[in-house]
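Working notes, beginning with the structure itself.
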Amino acid sequence: MNYYSTNGQSKELSFKEVVIKGLPKDKGLFFPKEIPALPASFFAQLPFLSLHDIAVEVLKAFVAPDIPEENLKKICAEVFTFPIPLVAVEEGVYALELFHGPTCAFKDVGARFMSRCLQAFAEPDQPITVLVATSGDTGSAVANGFLGLENIDVVVLYPVDGVSAIQEMQFATLGQNISAVGVEGTFDDCQALVKQAFSDEELNQEMNLSSANSINVARWLPQMVYYFHAWGQWKKLNPEGQDLTIAVPSGNFGNLAAGLLAYRMGLPVTYFLATTNLNKIVPDYLANGVYRPAPSVSTIANAMDVGNPNNFPRILELFSQELEDLQQVVKGFWADDEAIKHAIRHLYQTKGYSLDPHGAIGYLGLKQELPKLGTQGIFLETAHPAKFKESMEEVLGEEIELPAQLQAFMGKTKQVTELPNDYASLALLLRQKHKVGTM
Ligand SMILES: *Cc1c(COP(=O)(O)O)cnc(C)c1O
């Protein structure tokens, strides 16, 4: 499959090229040249297919010919190793639990898939250095996704005093090919350093730098897989069910863009809900047609504190830039912290189910919209509630236990390189690592 840029000013590239490059020169987003329609027979079988088999079927056209089907099967066998169950929460309302992976968040899926694709393209004499800036969760998913891969080094830049203890443990205790670099600055400083490294032509000639942020096609595409799986599981439970709405807690809108790509391939979902916290740029746009990015506002659903959603251009492209067509399928919803806390308490007290602050927004969206839409609903539970231990304990007034995956990080030793907030120091560090890697 070839990919073009949504800004239309860069040339078409292959899957391999777009995975390595990440971003087109014209600063648009890579988008597949064709969207293959899946046959009715696939949807008839879907309730009975494994995640692995769904993944191979829906992804093969997008990665061919750079990743042949045999290799794709191997990659999917390594990526989709944990369950993604659909859990009934209330009458006609289901949670798709995306938090059973190594770092307990849905980003595990994209990060693991991207890592294996990149590895398929890395050569022993041309190692790849993945540089990523994180305010917490992306760094842990990427670091764990890439852990132990040959010919790939990962450098995670993070604000040394700006991430939670548990987040830091998830990427700073791994060792091997993962380096944690604590920058004496803010997340924005880390992002600026990464940007400067990518625009440093001399450095880029000496080494292969790659980014693993959420706009990379190899992180975006595999997220489709669990939408197909969710529909299949729902159909199994509701063989007569016709209409379904999926609510997606959104920040950068990569996850929703993947759901809508699945829709374009034929997934028979009736509506999607674009659900956000107070950073309601997209719900506002869907309501009044004005797209107005704004500085981000802090909320307790902090992985969604995004004021300028970087994947949104893909959603417009999926609807050929037609707002009215988009509005037919995607409805907006947003919630503030009070509503989130209320939902968490309510569902815990009535059903014993723990929502995390992000999933809670999807749940609230369904509660408000389903009566109007007249469908059943699935909301995505994007992270394990224990990842937000402090807020959860405050809301529920009781202690939250860490799941085994997260517990495992806590006893380990941190290995952190501290770095002044200064580009020359970063360039030196990258050159030193590269030299060691190729010796
Ligand atoms: C990243 C993240 C989101 C937002 O996903 P996008 O693809 O950026 O819209 C939602 N919830 C959690 C827990 C996340 O980590």
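Each Cβ is built from the backbone N, Cα and C atoms, and glycine gets one as well.
What TrEMBL records for this protein:
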| type | residues | note |
| --- | --- | --- |
| DOMAIN | 2-78 | domain 'Threonine synthase N-terminal' |
| DOMAIN | 93-372 | domain 'Tryptophan synthase beta chain-like PALP' |
| MOD_RES | LYS107 | N6-(pyridoxal phosphate)lysine |
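Summarised by DSSP class, the composition of the domain 'Threonine synthase N-terminal' (2-78) is 39 helix, 9 strand, 29 coil. Here the domain 'Threonine synthase N-terminal' (2-78) returns a mean pLDDT of 95 for the predicted model.
Under the DSSP three-state reduction, the residue listed as 'N6-(pyridoxal phosphate)lysine' is assigned to helix.
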